[in-house]
Amino acid sequence: MSSPAAGAVRVVRADKGSVLVVPEGGGEAVRAVLDRDGLAPLDDGRAVPTVGDWVLVDEADGSPHVRQVLTRSSALVRDSAGGTSREQVLAANVDIVLVVEHLDPDPDLGRVERLLTLAWRSGARPVVVLTKADLVPDAEAMTREVERAAIAVDVHPVSAATGDGLDPVRALLAPGVALVVVGPSGAGKSTLVNALAGRGVMATGDRRASDGRGRHTTTHRELVPLHGGAVLIDTPGIRGIGVVADADALDTTFADVAELVALCRFADCHHDGEPGCAVVAALESGDLDRRRYESWRKLVREAAYQARRADSHLAAQERARWKKVTQEYQRGMRGAGRPWR
Ligand SMILES: Nc1nc2c(ncn2[C@@H]2O[C@H](COP(=O)(O)OP(=O)(O)OP(=O)(O)O)[C@@H](O)[C@H]2O)c(=O)[nH]1
Ligand SMILES: [Zn+2]
């Protein structure tokens, strides 16, 4: 995505208290500081600027300062496991989430569904890439199976070893497009990106094993230009991101199941033996496979749990806020009473 406003610069790296920004189309990176609280204005609140953000910077006091974060077109979030309800935004303004899964060993369809949900929730477009096609006898049949679990999503079998299948993936990397790559360790994410970029952008398993020093690109979040004008947003947090389920995103990932749910006789059907349950009927007829159903159930439970947890955090924050307001009010009353004492 190109800059949403004149003069906006893009965050290529986010650190505590400051960010590294570059102008659209490249140029020298400049470090810009944040307000003292580490935040900057975003829409009607304040936020931690993250990799991929477009920001306005001014130099009113001599050094570059982030004045505004521009409205995000998409945001990849991770639920913070800690004691706050604030979700951590790992990357902003991502156009494409490449969900990378290996064909050998067998692809894990549940994991693909999980990562698709994450992608749909972000607002970016998911694309599935199935790696190591050279290692299996029938990549086409396996691809069709994954396609059934990836409704409305393009699925590309590729081999970085032979170069087969890379062209349609390369075609996604139009100038200005920002992508992130997610998938399990060893799926071939780095190998894929390097094959697409035409150079060693990410250290692969092979290189890690040989130099033993680990991957240099994973120590911080950064936005890396690729061959052809696209940019890769690479952050260690994104590669192994935990799931962030969300009811709407689940309805998109599991559009087939959502359609069935809408047909159940009872609006609050638990698909648990109630009469007129379209989900159970589809399971019995074989229209819905058991694996996909279980995968959906699991993610729905996680989404409900996350929503409840976020609610309880919000409630706690609200109580704390009211306590403060009440204390201030009482202090104010004491102050107001003073002249008469
Ligand atoms: N045969 C074959 N091997 C591949 C292919 N893609 C990746 N590999 C190999 O799979 C191994 C893992 O690849 P990486 O690119 O390091 O995997 P990764 O997903 O980046 O792994 P992490 O960095 O641990 O997240 C390496 O030994 C690659 O050479 C492929 O298309 N075909
Ligand atoms: Zn039902």
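Cβ atoms here come from the backbone N, Cα and C positions, even for glycine.
What you see is a predicted model, and the numbers here were worked out from it, not measured in a lab.
Annotation comment: TrEMBL describes Thr131, Lys132, Ala133, Asp134, Gly183, Pro184, Ser185, Gly186, Ala187, Gly188, Lys189, Ser190, Thr191 as GTP binding site. For Cys264, Cys269, His271, Cys277, the entry in TrEMBL reads Zn(2+) binding site. Marked as domain 'CP-type G' by TrEMBL: 86-241. Sequence annotations record features per position, and here TrEMBL assigns domain 'EngC GTPase' to 92-239.
For ligand 1, there are no nearby binding-site residues; that is, of Cys264, Cys269, His271, Cys277, none has a C-beta under 6 Å from one of its atoms.
Ranking the binding-site residues Cys264, Cys269, His271, Cys277 by the distance of their Cα atoms from the Cα of Lys189 (GTP binding site) places His271 first. With DSSP states grouped into helix (H, G, I), strand (E, B) and coil, the domain 'EngC GTPase' (92-239) comes out at 56 helix, 31 strand, 61 coil. Of the candidate binding-site residues, Cys264, Cys269, His271, Cys277, the one lying closest to Gly183 (GTP binding site) when CA atoms are compared is His271. In this structure, none of the binding-site residues from Gly183, Ser185, Ala187 has a C-beta falling under 6 Å of any atom of ligand 2. Checking Cα-Cα distances from Ala133 (GTP binding site) against the binding-site residues (Cys264, Cys269, Cys277) with a 10 Å cut-off leaves nothing; none qualify. If you compare Cα positions, Ser185 (GTP binding site) sits closest to His271 out of the binding-site residues Cys264, Cys269, His271, Cys277. There are 22 other CB atoms within 10 A of the CB of Lys189 (GTP binding site), with all protein chains counted. Cα to Cα, Cys269 (Zn(2+) binding site) and Ala187 (GTP binding site) are separated by 38 Å. Packing around His271 (Zn(2+) binding site) is summarised by its Cβ count: 20 other Cβ atoms lie within 10 angstroms of its Cβ, all protein chains included.
Cα to Cα, Thr131 (GTP binding site) and His271 (Zn(2+) binding site) are separated by 36 Å.
Put simply, His271 is the one of the binding-site residues Cys264, His271, Cys277 whose Cα lies nearest to the Cα of Ala187 (GTP binding site). Taking the C-alpha positions, the distance from Thr191 (GTP binding site) to Cys264 (Zn(2+) binding site) comes to 45 Å.
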